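To start, the structure under review is shown below, and the notes come after it.
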Amino acid sequence: MAAPSSTATPLLKDELDIVIPTIRNLDFLEMWRPFFQPYHLIIVQDGDPSKTIKVPDGFDYELYNRNDINKILGPKASCISFKDSACRCFGYMVSKKKYIFTIDDDCFVAKDPSGKQINALEQHIKNLLSPSTPFFFNTLYDPFREGADYVRGYPFSLREGVPTAVSHGLWLNIPDYDAPTQLVKPLERNTRFVDAVLTIPKGTLFPMCGMNLAFDRDLIGPAMYFGLMGDGQPIGRYDDMWAGWCVKVTCDHLGLGVKTGLPYIWHSKASNPFVNLKKEYNGIFWQEEIIPFFQSVSLPKDCTTVQKCYVELAKLVKEKLGKVDPYFVKLGDAMVTWIEAWDELNPAGGSAKRPNGTA
Ligand SMILES: O=c1ccn([C@@H]2O[C@H](COP(=O)(O)OP(=O)(O)O[C@H]3O[C@@H](CO)[C@H](O)[C@H]3O)[C@@H](O)[C@H]2O)c(=O)[nH]1
Ligand SMILES: [Mn+2]
């Protein structure tokens with residue numbers, strides 16, 4: 001009888017891809033090696049495609065630069081941002097796996113208050129594999145967590161919960177602040193480790209950060225479009241925010257859950273607040289119109305798939321936000337192009353079958 005293996009097979013080893021947008025060598029992976037090495041990486045190289053990105057030995061990965069994106073998508077590549085971390089969503093599209101974890105290359109392994117290294121990927125997987133509770137708030141937080149449960153008064157008819165589509169992690173050290181806040185509080189660091197995972201209630205939007213994020217690609221993948229940002233666009237650093245608002249209204253409509261809280265990563269570097277202010281300016285102004293728009297969105301009953309929800313959303317974006325700025329007409333069209341490209345690369349029911357790297 002074979003000796004029991006010393007290391008259990010990592011959870012979802014062949015069902016999860018790690019997507020990393022990058023403009024630099026990926027030395028940060030050395031710190032993540034114990035947790036990431038068993039998984040397949042999809043590296044989306046932004047900026048100059050002639051630059052070589054160094055990946056530490058021993059990792060199984062595929063790498064796409066702008067030339068690859070243009071070759072694979074042809075004219076539809078216009079929906080993938082250039083010179084902005086929003087390019088990462090191309091990795092979601094080409095993946096053939098059920099789950100995605102995306103992380104920035106300046107995010108490192110954090111430690112919990114006991115000093116133990118946090119396996120962020122393991123916590124995201126736990127979050128995704130256990131139900132969410134968007135319809136009724138559990139005051140003891142995640143009822144599916146070891147040592148917790150539903151509290152008295154929680155309706156039994158709701159205790160099954162709903163499938164979790166998104167797991168939104170947080171950051172110690174450099175918090176994900178907007179440029180004005182960064183400018184006012186340049187030295188502020190997040191030292192608070194809050195040991196909780198919460199379901200974001202139905203009907204509530206949230207600011208989704210793409211730095212430390214995991215999701216169920218089969219449940220919500222087509223809505224995880226990070227928009228038109230960066231080069232040639234009037235806005236940046238609203239890629240993940242836009243995706244988060246589209247994802248949340250879609251999850252609310254389809255009865256799916258979004259969780260936020262654990263795991264933490266250690267965000268090591270603050271990006272330049274002045275550069276960020278230029279990128280964010282329109283977003284800070286427009287979001288006062290964008291948020292009421294998403295709060296008022298009501299998707300028709302016949303929108304029974306993510307794609308149908310998303311195409312309907314794109315129509316509404318053009319109709320309602322096109323008046324705010326012509327950019328939203330362009331964005332609405334890009335949202336449809338994204339879905340067309342997604343469906344081309346992921347023919348219904350066929351996506352999980354092809355090996356990674358073949359489009
Ligand atoms: O043009 C670019 C710039 C950067 N990247 C890669 O994207 C991530 C994030 O880059 P960075 O850590 O420098 O920027 P942050 O401000 O901390 O990013 C966070 O803010 C939001 C930006 O939209 C987003 O939620 C976070 O990413 C790194 O991996 C860079 O290598 C890029 O691809 N292209
Ligand atoms: Mn960063």
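Glycine too: its Cβ is placed from the backbone N, Cα and C atoms.
Straight from TrEMBL, the features:
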SITE      ARG152  site 'Required for activity'
CARBOHYD  ARG152  N-linked glycosylation site
SITE      ARG159  site 'Required for activity'
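Over all protein chains present, the Cβ of ARG159 (site 'Required for activity') has 14 other Cβ atoms lying within 10 Å. Its Cβ taken as reference, ARG152 (site 'Required for activity') is surrounded by 5 other Cβ atoms within 10 Å in the chains shown.
The separation of ARG159 (site 'Required for activity') from ARG152 (site 'Required for activity'), Cα to Cα, is 12 Å. According to DSSP, ARG152 (site 'Required for activity') is assigned to coil rather than to any helix or strand.
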